[in-house]
Amino acid sequence: MQQAAAPKISFVSLGCPKALVDSERIITRLRAEGYELARQHDGADLVIVNTCGFLDSAKQESLAAIGEAMAANGKVIVTGCMGAEPEQIEAAYPGVLSITGPQQYESVLEAVHRAKPALHNPHLDLVPEQGIRLTPRHYAYLKISEGCNNRCSFCIIPKLRGDLVSRSADDVLREAEKLVAAGVKELLVISQDTSAYGVDLKYAESPWKDRTVRAKFIDLARELGELGAWVRLHYVYPYPHVDEVIGLMAEGKVLPYLDIPFQHASPDVLKLMKRPAAQDKTLDRIKRWRADCPDLALRSTFIVGFPGETERDFEFLLDWLDEAEIDRLGAFKYEPVAGAPSNALPDQISAEVKQERWNRLMARQQVISARRLKRKVGTRQQIIIDEVGPTVAKGRSKADAPEIDGSVYLSSRRPLRVGEIVTAKIDRADAYDLHGTVAGF
């Protein structure tokens, strides 16, 4: 008797790394139940679209992805941040099978079961121990918590994903250990607010190996640093206790890299954003961090054109950047988000002014980035290889996260492998990237 073909699911994952982890968890569950992944919508039994709802532009991208899936397949399940407020999706595509918000894995699976029941053979082991991942084999996102207790005026993430809910330390460490055992060389620690990790658990201890570990930012970072992989910290708010992790970076336990979303520097704008406003103290802290860990790389994001931002505020930001010397910077033009308190603020900025300020900010940062990178010429850096070409390999230094930061382009006398970590001599630098030669393996 011929066995029925396994049902096939096409999957679209939009938005941030936190959403990508949600997608990985859903796909892992589906594969465990015997579902296969389809490369095309039209060859699948149904399509799952994991949406982003943070900005209106992201919502439009999500709606377009749903529309493409409806046109190509017709059987579509929608999940993710935009699904937390389903009215817009229902109005545009009343024929979708199901709409759920973020992290609602069981609801997504139930919708899949209703549309196309599984044909799982319990004798088959369909899922590797570390689960299914959508990133390359050599790096993985490690999500340590969900939600956020902050109430920034421009953000609706707490409305979409709720307040902070941290995973226990042993749960995070078990996942990290499995990833490293499966060949992951770099763990990218993510959440909505990484440095607040464990606050909701009151820093509860959990057993790990022959000891107990607190659910606390510094303790978790220290334990992750013992696993033998690069550990990169993202979405770190500059709370006072963040100073403690700089020592781990100086010791080489975790990468000398901090992704801190400062968003602005002007105290007046930060107050309107409902963000911490002591940026003069932040500059002092950055100087101390770099004194304690000279190799520290800082990444941050900034919003220009926020309601009420004056030319004086913007100039303050430019001057602050000159002094802070942020290594890697992402800039966004303020965009109203449905449901965000900032929509009601007076003195909204015109699109022309937003664009002009964004251009000036990026031009200033280009100069800063080039200056920072030029200092690395002649040094030796460890590089993790992401891509291998016929003559040049592309990788990243400890100062570069995948997708969002710069690259290092290397020539080598012998073939390189993706995921390999090599030592390179840096020969030259441009505004955002480095170029060098492999000097050791």
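Each position is counted from 1, following the chain as shown.
Cβ coordinates are placed from backbone N, Cα and C, and glycine is handled just like the others.
Just so it is clear, the model here is predicted, and its values are computed rather than measured.
DSSP gives CYS81 ([4Fe-4S] cluster 1 binding site) a helix state. Here the Cβ of CYS81 ([4Fe-4S] cluster 1 binding site) has 28 other Cβ atoms within 10 Å, regardless of which shown protein chain they belong to. Marked as [4Fe-4S] cluster 1 binding site by Swiss-Prot: CYS16, CYS52, CYS81.
Long-range Cβ proximity for CYS152 ([4Fe-4S] cluster 2 binding site), meaning a same-chain Cβ under 8 A and a gap of 6 or more residues, is found for GLN263, MET273, LYS274, ARG275. Here Swiss-Prot flags CYS148, CYS152, CYS155 as [4Fe-4S] cluster 2 binding site, drawing on sequence analysis.
The domain 'MTTase N-terminal' annotation in Swiss-Prot covers 7-117.
Residues annotated as domain 'Radical SAM core' in Swiss-Prot, with sequence analysis given as evidence: 134-371.
The domain 'TRAM' annotation in Swiss-Prot covers 374-440.
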Calculate the distance in Å between the alpha carbons (Cα) of CYS16 ([4Fe-4S] cluster 1 binding site) and CYS148 ([4Fe-4S] cluster 2 binding site), and round it to a whole number. 15
Where does CYS155 ([4Fe-4S] cluster 2 binding site) sit in DSSP terms: helix, strand, or coil? coil
So CYS16 ([4Fe-4S] cluster 1 binding site), by the Cβ count within 10 Å over all chains shown, scores 18
Taking the center of the Cβ atoms of CYS16, CYS52, CYS81 at the recorded [4Fe-4S] cluster 1 site, which other residues in this chain have a Cβ no more than 8 Å from that point? LEU14, GLY15, LYS18, ALA19, THR51, GLY53, PHE54, ALA58, GLY80, MET82, PRO102
List, in sequence order, the residues of the same chain other than CYS148, CYS152, CYS155 whose Cβ lies within 8 Å of the centroid of the Cβ atoms of the recorded [4Fe-4S] cluster 2 site. ASN150, ARG151, PHE154, ILE156, ILE157, PRO158, GLN192
Nearest-integer angstrom distance between the alpha carbons (Cα) of CYS155 ([4Fe-4S] cluster 2 binding site) and CYS81 ([4Fe-4S] cluster 1 binding site): 12
